[in-house]
Amino acid sequence: MTTQVPPSALLPLNPEQLARLQAATTDLTPTQLAWVSGYFWGVLNQQPAALAATPAPAAEMPGITIISASQTGNARRVAEALRDDLLTAKLNVKLVNAGDYKFKQIASEKLLIVVTSTQGEGEPPEEAVALHKFLFSKKAPKLENTAFAVFSLGDSSYEFFCQSGKDFDSKLAELGGERLLDRVDADVEYQAAASEWRARVVDALKSRAPVAAPSQSVATGVVNEIHTSPYSKDAPLVASLSVNQKITGRNSEKDVRHIEIDLGDSGLRYQPGDALGVWYQNDPALVKELVELLWLKGDEPVTVEGKTLPLNEALQWHFELTVNTANIVENYATLTRSETLLPLVGDKAKLQHYAATTPIVDMVRFSPAQLDAEALINLLRPLTPRLYSIASSQEEVENEVHVTVGVVRYDVEGRARAGGASSFLADRVEEEGEVRVFIEHNDNFRLPANPETPVIMIGPGTGIAPFRAFMQQRAADEAPGKNWLFFGNPHFTEDFLYQVEWQRYVKEGVLTRIDLAWSRDQKEKVYVQDKLREQGAELWRWINDGAHIYVCGDANRMAKDVEQALLEVIAEFGGMDTEAADEFLSELRVERRYQRDVY
C-alpha cells in the first residue's frame with residue numbers, strides 16, 4: 001500500500017519520527033492499520049487536555065465486550081478474529097482477557113461474548129477461574145439487560161467436554177441474560193465451527209449495535225495479544241534438536257528427558273512462563289501396524305486439506321493416532337458393527353473408559369474390521385501440536401529453547417505403546433534432526449515485575465520446568481527477591497531433576513529455600529502439599545511479605561491438593577474461616593500473585 005506523504009513543513013512530526021512511523025506500519029494489513037489508528041485515538045483520549053476538547057457524543061453507543069478465557073491460545077485466537085470481524089463491520093468492541101476483566105462491572109454489560117476453553121476435569125482456564133467463581137457466588141448480579149453468546153472450545157477425548165463453556169452459558173442465562181445465539185461446542189478441529197459462528201455473531205450484533213463513527217470503532221482494552229512473529233502454530237519454525245539427555249536414573253520408573261532445541265538465527269523470542277509448541281510425526285511402526293490390521297497397503301491415495309497423499313504419509317503427518325476418544329470408539333463400532341464395541345454405544349461412561357484405556361491401534365486389534373483408506377481417515381482426528389512448559393531463559397541460553405519431557409510409555413497386553421510427541425522427541429529425532437516448533441505465549445504465568453518480590457514455586461515432576469526458566473531469569477537479572485522451591489518426585493536418588501543446578505543456586509544464594517518431597521523413599525508417602533502444610537507458618541510470612549505463588553504440573557490431582565493445602569495454611573495462620581480463606585486466595589489470583597500452569 002502506498003501513501004502520499006504531505007510536505008514535511010505541514011507535518012507535526014520531524015523526519016526521524018516520520019521514518020520510524022513508516023517503518024513500523026509498512027507490513028500491516030488494513031485491519032491492523034485500523035486497529036493501530038484506534039489505539040492511538042484511545043491513547044490521545046486518555047489525556048486530560050484531549051478529554052476536555054472532545055465533544056460529548058450525541059448518543060451513547062452500546063459497546064460489545066468480548067471476554068477471552070484461554071489456556072493454550074486457541075480461544076484467544078478465536079476471540080481476536082471475532083474482534084477483527086466486528087471492527088471491520090465498524091462496531092464498537094472491547095476485547096479483554098478473563099484474568100484482566102473487572103468482573104463486578106458485568107452487570108453494566110449490554111452485549112457480552114465469551115470465548116472459553118476448558119482444562120482439567122471440566123474447569124475453566126486459569127485466567128477465568130476468578131470470574132467463574134464470582135458468577136457462581138452469591139455476589140453475582142442479575143443480568144436482565146445483558147445479551148450474550150458463548151463459544152466453547154474443548155477436546156472430546158476428555159469426559160467433561162467443553163464444560164467451562166457450558167457453565168458460563170447456563171449461568172449467564174440463569175442470571176437473566178438473553179442468549180443472542182445458542183452456545184457452540186467445538187472440538188480440537190475448531191476452525192470451521194469458529195468461522196461460521198463468528199459470521200453469525202456479527203450478523204446478530206449488527207442489529208443490536210449501531211455502526212460506529214470512525215472515532216468510535218475502536219478496539220479498546222485489548223490485552224495479551226498473540227505476539228507478532230513470522231512463526232506461529234500454522235507456520236512453525238523448522239529448528240534442530242541439539243541435546244536429548246535422560247535426566248532420571250537408570251532404575252527410575254520414569255523416563256524424563258532434557259531437550260535442547262537450536263533456534264538458529266530465527267529471531268524467535270520467548271519469556272519464562274511461555275510454552276513451546278511441538279509438531280510431531282507419528283511412529284512409522286505404529287502407522288504400519290494400523291494399516292496392516294485393516295488389510296490396507298499404505299499407498300492408497302487419500303485427500304487431506306485438498307491435497308492427495310499416500311495413506312502412510314497422511315497417517316504419519318496429519319492424524320492423531322495415540323489418543324483415542326469416545327467419539328472414535330462409537331463411530332468405529334457403528335461403522336464395523338463390532339460385536340465387542342456395539343454394546344458400549346450410548347453409554348458415555350463406558351465409552352470414555354474404553355477410549356482412555358485402549359489406544360486406537362489396539363481397538364482395531366481387539367475388534368478387527370476392514371475399512372477403506374478414506375473411511376479410516378474420516379474416523380480419525382487431525383494431529384495437533386503438544387505444548388511443553390519452557391525450561392530456559394534466553395538471558396542465559398540465547399538462541400536455544402529447553403523443555404523437560406516426561407516420556408509416556410506403557411504396555412497393552414504385552415505390546416509397548418508410547419505418547420506421540422514425547423516418544424518423537426525422545427526416540428525418533430536424531431541429533432541435529434528437524435523439529436517444527438512455535439512459541440505459545442502465556443502472559444498469565446509471569447515473574448513479578450518488581451525484582452524484589454519474593455517468589456514461591458511449587459512444581460513436582462516435570463512441573464519443575466518453568467521454574468528452571470524462572471531461576472535462570474532471576475539470576476541473570478540479579479533480582480534481590482527471595483526464591484523458594486517446592487519439588488517432589490518418587491525417589492531422591494533416581495528422580496531429582498536438575499539436582500546439580502538447584503544445589504548451585506542454593507550455594508550461590510539465588511535459591512533461598514528448597515523443600516523436597518520424595519513419595520516412595522519412606523513407608524508413608526510424602527507429597528509437596530504435605531511440605532506446604534509443614535512449612536505453613538513460614539509460608540504465611542512470605543505471603544504477607546507480598547510473595548507471588550506459582551504452581552505447575554498435573555491439573556487433575558496435584559494442583560487441587562496443593563490449592564487445598566494453601567487454603568488450610570491461609571486459614572490456620574491467617575486466622576480465617578474456610579470462606580474467608582477462599583476469598584483471600586481468589587484475591588491473590590486476581591492480583592496475579594497466585595498463578596498456575598497446569599495441564
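In case you wondered, yes, glycine gets a Cβ from its N, Cα and C as well.
Residues or ranges marked as domain 'Flavodoxin-like' in Swiss-Prot: 64-202. Here the domain 'Flavodoxin-like' (64-202) returns a mean pLDDT of 94 for the predicted model.
Taking all protein chains in view, 21 other C-beta atoms sit within 10 angstroms of the C-beta of PHE161 (FMN binding site). The FMN binding site annotation in Swiss-Prot covers 70-75, 117-120, 153-162, and the record cites sequence analysis as its basis.
Sequence annotations record features per position, and here Swiss-Prot assigns domain 'FAD-binding FR-type' to 234-448.
Residues annotated as FAD binding site in Swiss-Prot, with sequence analysis given as evidence: THR322, ALA356, 386-389, 404-406, TYR410, 419-422, TYR599. Cβ environment of TYR388 (FAD binding site): ALA275, LEU276, VAL278, VAL403, THR404, VAL405, ALA465 lie under 8 Å away, each six or more residues apart in the same chain. TYR388 (FAD binding site) carries a strand DSSP state (E or B).
DSSP classifies VAL528 (NADP(+) binding site) as helix under the three-state reduction. Residues annotated as NADP(+) binding site in Swiss-Prot: SER519, ARG520, LYS525, VAL526, TYR527, VAL528, GLN529, ASP561.
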Message: Suppose we draw a 10 Å sphere around the Cβ of TYR158 (FMN binding site). How many other Cβ atoms does it contain, all chains included?
response: 20
Task: Among the binding-site residues listed here (ALA421, VAL526, VAL528), identify the one with the smallest other-Cβ count within 10 Å.
output: VAL526
Field: Intrachain C-beta neighbours of GLY419 (FAD binding site), sequence separation six or more, cut-off 8 angstroms
entry: THR322, VAL407, VAL408, ARG409
Query: Of the binding-site residues ARG386, ALA421, TYR599, which sits closest to ASP561 (NADP(+) binding site) by Cα distance?
result: TYR599
Query: How many whole Å apart are the CA atoms of SER117 (FMN binding site) and GLY406 (FAD binding site)?
result: 24
Message: Among all protein chains shown, how many Cβ atoms are found within 10 Å of the Cβ of THR322 (FAD binding site), not counting that one?
response: 21
